Amino acid sequence: MATQRASGLLQRLAQGSLVKQILVGLILGILLAWISKPAAEAVGLLGTLFVGALKAVAPVLVLMLVMASIANHQHGQKTNIRPILFLYLLGTFSAALAAVVFSFAFPSTLHLSSSAQDIVPPSGIVEVLRGLLMSMVSNPIDALLNANYIGILVWAVGLGFALRHGNETTKNLVNDMSNAVTFMVKLVIRFAPVGIFGLVSSTLATTGFSTLWGYAHLLVVLIGCMLLVALVVNPLLVFWKIRRNPYPLVFACLRESGVYAFFTRSSAANIPVNMALCEKLNLDRDTYSVSIPLGATINMAGAAITITVLTLAAVHTLGVPVDLPTALLLSVVASLCACGASGVAGGSLLLIPLACNMFGIPNDIAMQVVAVGFIIGVLQDSCETALNSSTDVLFTAAACQAEDERLANNALRS
């Protein structure tokens, strides 16, 4: 009887809401740090183990995921979605640019276990570009061992294109390996509540409760930037496309897509909701049936904001100087990282080390930034997904309505 109860409890823990479990871990960590400082410092080992597991699995995940995605790409699918694709890419880059501006206007700092003396900052854009180029030609084994994500991406893309010409058995093997690594990542993510409990407890025990304000400030910057993109940047892009008041369409998408995505925290799970909204808006079925799933994969404005804000928070914490060209390059890198965020369990957070590489920030410190992201992830991930998913249907509707008006005007002229 006791065994059955124990197995039932474990099953509920394994299948329960990760968001609620992280929230419980966060609260318990705060309480433990408040009640007993020595005990809170002791359970810091749980957080260290969690961050170590993330560090171990992330490089392999990026390699296998990108390689499998390119190798298994299907040829011959012809759709007229260029304007939507352009809006997706422009919107993601605009979000990253807005995040850079927001981060410099309201700089955030984090509590990291390394000082600025550990960092050798790049002197400017030329050195950053040189470092990126040298990272690209790194040995693949060396890139995996040292978590050189630029080198990993180059090898993953190259091998992916090479394997496109391989037989189906090879492609299936690569796909199965990708699924296996993804399973391992999901397994690690299931321990996030325990890791967060350890991280919060030890952090508060060693730095004090003032750390919470630092995270609150970071969260305000993140969510504030996402609101800026949702209510100012995206409406400007939609107005540029349809040449009329964009806000009725913007609010409809936020209300009927964003709210669902906020609670599901999954762009993929929100695809049926977006499809139904597109049908309600009388959009072209052949267009939205392709653009909505595509948007769930590459339209990642929220992820671009998360990557940019957290990377610059680490940069500000470590005192690394950033010039304007480097900040612009970060916007481009964050946009490219964001386009790959959909396939990563844990979302955009595990792609932060890739952006941190630009500034000479070691993988150890970058993974501490990822851990901070998990601490604030209860709200951050929900807001990020709401922005990502609602923007999918918003840009699809804008492009379709603009095309309908163009065809109507041409018909009147003729």
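Each Cβ is built from the backbone N, Cα and C atoms, and glycine gets one as well.
Feature annotations, reproduced from Swiss-Prot:
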TRANSMEM  16-36  transmembrane segment
TRANSMEM  46-66  transmembrane segment
TRANSMEM  84-104  transmembrane segment
TRANSMEM  143-163  transmembrane segment
TRANSMEM  180-200  transmembrane segment
TRANSMEM  219-239  transmembrane segment
TRANSMEM  300-320  transmembrane segment
TRANSMEM  332-352  transmembrane segment
Any contact between the transmembrane segment (300-320) and the transmembrane segment (180-200), i.e. 3 or more CB pairs below 8 Å with pairs at least 6 residues apart?
no
The transmembrane segment (143-163): which same-chain residues, six or more beyond its ends, come within Cβ distance under 8 Å?
55, 58-60, 62-71, 132, 135-137, 170-171, 174, 351, 353-354, 357, 363, 366
Sort out the residues at least 6 away from either end of the transmembrane segment (16-36), same chain, that have Cβ-Cβ distances under 8 Å to it, and list them.
43, 189-190, 192-205, 209, 212, 265, 374-375, 377-378, 381-382
So what's near the transmembrane segment (180-200) in sequence-distant terms, Cβ-Cβ under 8 Å and 6+ beyond its ends?
14, 18, 21-22, 24-26, 28-30, 32-33, 43-51, 53-54, 57-58, 60-61, 64-65, 343-346, 350, 371, 374-375, 377
